[in-house]
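These notes concern the structure reproduced below.
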Amino acid sequence: MAKLYFYYASMNAGKSTTLLQADFNYRERGMRTLLFTAGVHDRGGHGVIDSRIGLKAEAIPFDPATDLRVIVEAEHFRASVACVLVDESQFLSDAQVRQLAHLADEVGIPVLCYGLRTDFQGRLFPGSAGLLALADSLVEIKSVCECGRKATMNLRVDAAGNAVSEGAQKEIGGNERYVALCRKHFMLRSSRDA
Ligand SMILES: Nc1ncnc2c1ncn2[C@@H]1O[C@H](COP(=O)(O)OP(=O)(O)O)[C@@H](O)[C@H]1O
Ligand SMILES: Cc1cn([C@H]2C[C@H](O)[C@@H](COP(=O)(O)O)O2)c(=O)[nH]c1=O
Ligand SMILES: [Zn+2]
């Protein structure tokens, strides 16, 4: 039975790199894949999955109005799709997570989602909440805080490096805007700079 997977981590943990490796693995065996990424996440260009290690691939951009089920079913009808890979899956809506679950259960295509678990305030994103609730397999990709503990949280920082604790949930950025920290240091920095 095909499964819905959620590979989650803090920022800068290697999610996009791992996705692109999994994609390569399918394609080098002659299997067709479909890649999606959030249209809003244009750090490496619109509709591009880019890893800090330098790997890149084109992907279908999704926004809240995108019906991933319709796109994948139409493509699968045209030529068999072996796997669907979704980057920035924290930005999926709950309805889109259900579309992906349908693809795994009813169409038989494995769906691999990669994304953040929590935002800069330590709260779940809609896509992460949906995936934590519905995925068959939850896999944590691990990275380290500056203290050596596991980095599970994402601190948003300003140009001076001070913690930002208020603002919109969605704010595109990279290492200049976010620091991955363990929970202890996330809490300490959040309250110190408040
Ligand atoms: N030149 C490099 N060689 C090896 N690893 C690198 C290099 N540049 C960045 N990295 C590592 O890649 C990881 C970030 O990968 P990326 O796929 O962009 O993460 P994510 O998608 O989780 O934000 C970090 O662990 C970083 O240390
Ligand atoms: C914590 C947090 C992150 N974001 C944005 C910032 C980046 O554009 C992406 C995550 O990118 P990565 O591939 O994991 O490096 O998400 C956000 O909008 N809001 C947040 O709270
Ligand atoms: Zn720490």
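Cβ coordinates are placed from backbone N, Cα and C, and glycine is handled just like the others.
TrEMBL annotations:
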- E88: active site, proton acceptor (ACT_SITE)
- A9, S10, M11, N12, A13, G14, K15, S16, D87, E88, S89, Q90: ATP binding site (BINDING)
- C145, C147, C182, H185: Zn(2+) binding site (BINDING)
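Only K15, from the binding-site residues A9, A13, K15, C147, C182, H185, place their Cα within 10 Å of the Cα belonging to the residue listed as 'active site, proton acceptor'.
Straight-line distance linking the Cα atoms of D87 (ATP binding site) and C147 (Zn(2+) binding site), rounded to a whole number, equals 28 Å.
A separation of roughly 22 Å, to the nearest angstrom, links the Cα atoms of K15 (ATP binding site) and H185 (Zn(2+) binding site). Fewest other C-beta atoms within 10 Å: among the binding-site residues A9, M11, A13, C145, C147, that description fits C147. Neighbour counts were taken as the number of other C-beta atoms within 10 angstroms of each residue's C-beta; across the binding-site residues K15, H185, the minimum falls on H185.
The Cβ centroid of C145, C147, C182, H185 marks the Zn(2+) site; residues of that chain outside this set whose Cβ lies within 8 Å of it are V144, E146, G148, R149, A151, L181, R183, K184, F186, given in sequence order.
Sequence-distant neighbours of C182 (Zn(2+) binding site): residues of the same chain at least 6 apart with a C-beta under 8 Å from its C-beta are C145, C147, R149, K150, A151, T152, M153. Under 6 Å, Cβ to nearest atom of ligand 1: this is the test, and of the binding-site residues M11, A13, K15, C145, C147, C182 it is passed by M11, A13, K15.
Geometry remark: M11 (ATP binding site) versus H185 (Zn(2+) binding site), CA distance 15 Å. In the three-state DSSP reading, K15 (ATP binding site) counts as helix.
Sequence-distant contacts of S89 (ATP binding site), defined as residues of its own chain at least six apart whose C-beta falls under 8 angstroms from its C-beta, comprise F6, C113, Y114, G115, G127, S128, L131. In the vicinity of ligand 3, defined as a Cβ distance under 6 Å, the following of the binding-site residues D87, C145, C182, H185 are placed: C145, C182, H185. Between the alpha carbons (Cα) of H185 (Zn(2+) binding site) and A13 (ATP binding site) lies a span of roughly 17 Å.
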